[in-house]
Amino acid sequence: MKEGIHPVYHETVIRCACGAEIPTGSTKKEIRVEICSKCHPFYTGKQKLVDSAGRIERFRRKYEKFQKKETPESTE
């Protein structure tokens with residue numbers, strides 16, 4: 001193998017937004033992530049509730065005119 005072509009390998013810590021720190025090795029000195037296995041809903045079993053009700057209502061209001069079928073006025 002050629003010498004001097006490999007990147008410098010550091011002992012580093014992955015820091016999550018939840019405060020978890022995971023020691024590892026990398027070519028970067030510091031790694032920051034927004035979500036990790038200690039706070040991800042898949043691994044914790046907890047689900048985050050997303051307020052999608054407002055989005056659904058806004059969608060329905062926007063497209064309700066397409067759902068309404070105009071009925072012609074019947075003459076008697």
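Note: Cβ is positioned from N, Cα and C throughout, glycine not excepted.
Annotation source Swiss-Prot lists Zn(2+) binding site at Cys16, Cys18, Cys36, Cys39, citing sequence analysis.
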Item to complete: Any same-chain residues 6+ apart from Cys39 (Zn(2+) binding site) with CB under 8 Å of its CB? Would you list them in sequence order, or say none?
Response: Cys16, Ala17, Cys18, Ala20
Worksheet, complete the sentence: Counting every protein chain shown, other Cβ atoms within 10 Å of the Cβ of Cys36 (Zn(2+) binding site) number 17
Worksheet entry | Residues within 8 Å of the Cys16, Cys18, Cys36, Cys39 Cβ centre (excluding the Zn(2+) site residues themselves) | Ala17, Gly19, Ala20, Val33, Glu34, Ile35, Ser37, Lys38, His40
Response to the item:
Here the 10 Å Cβ neighbour count for Cys16 (Zn(2+) binding site) comes out at 18
